[in-house]
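Visitor: This is the structure I want to talk about, given as structure tokens.
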Amino acid sequence: METRPRLGATCLLGFSFLLLVISSDGHNGLGKGFGDHIHWRTLEDGKKEAAASGLPLMVIIHKSWCGACKALKPKFAESTEISELSHNFVMVNLEDEEEPKDEDFSPDGGYIPRILFLDPSGKVHPEIINENGNPSYKYFYVSAEQVVQGMKEAQERLTGDAFRKKHLEDEL
């Protein structure tokens, strides 16, 4: 008689575990496959943080079903250099329906994935492109090395004295 309650409890525990495994695809956090060790924000929270901190934003726009997006995810997530550089940005990860409708976020088309860089005021800087990529898809990155290069360029252009001087000239 004692085996029935144990069997029932074991079955319930096994079923609960199975549900947990099925419902979890490993991308539940804001990282969505691009690395949960990176401090990701929503676009709204990211813009607020950038305005308060003076850090530029790096925005990744991708789709859950996209093959090129899936190929970039592990390269991005496993790059120690991207992880280190991410501390100099407010990192925003937009998937599927989170993609903004604003045309500023698709300067040369709506292909995916796209990586865009915004200044601390939230303005997209379309001049920061993947220099080593396809000129028809300027914001499409296929390797961690390309992303690192874009991050370094954005950091140089959107932070420090060079950015402040350019920003001041624009206001005058």
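The backbone N, Cα and C atoms fix where each Cβ goes, glycine too.
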Visitor: Using Swiss-Prot as the reference, determine which range in 125-128, 149-152, 165-168, 169-172 is annotated motif 'Prevents secretion from ER'.
Guide: 169-172
Visitor: Which one, CYS11, CYS66, is listed by Swiss-Prot as the other cysteine in the disulfide with CYS69?
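Guide: So the cysteine paired with CYS69 in Swiss-Prot is CYS66.
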Visitor: Would you mind ranking the disulfide-bonded residues CYS66, CYS69 by how many other Cβ atoms sit within 10 Å of each Cβ and giving me the lowest?
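Guide: Each of the disulfide-bonded residues CYS66, CYS69 was scored; lowest Cβ tally within 10 Å is CYS66.
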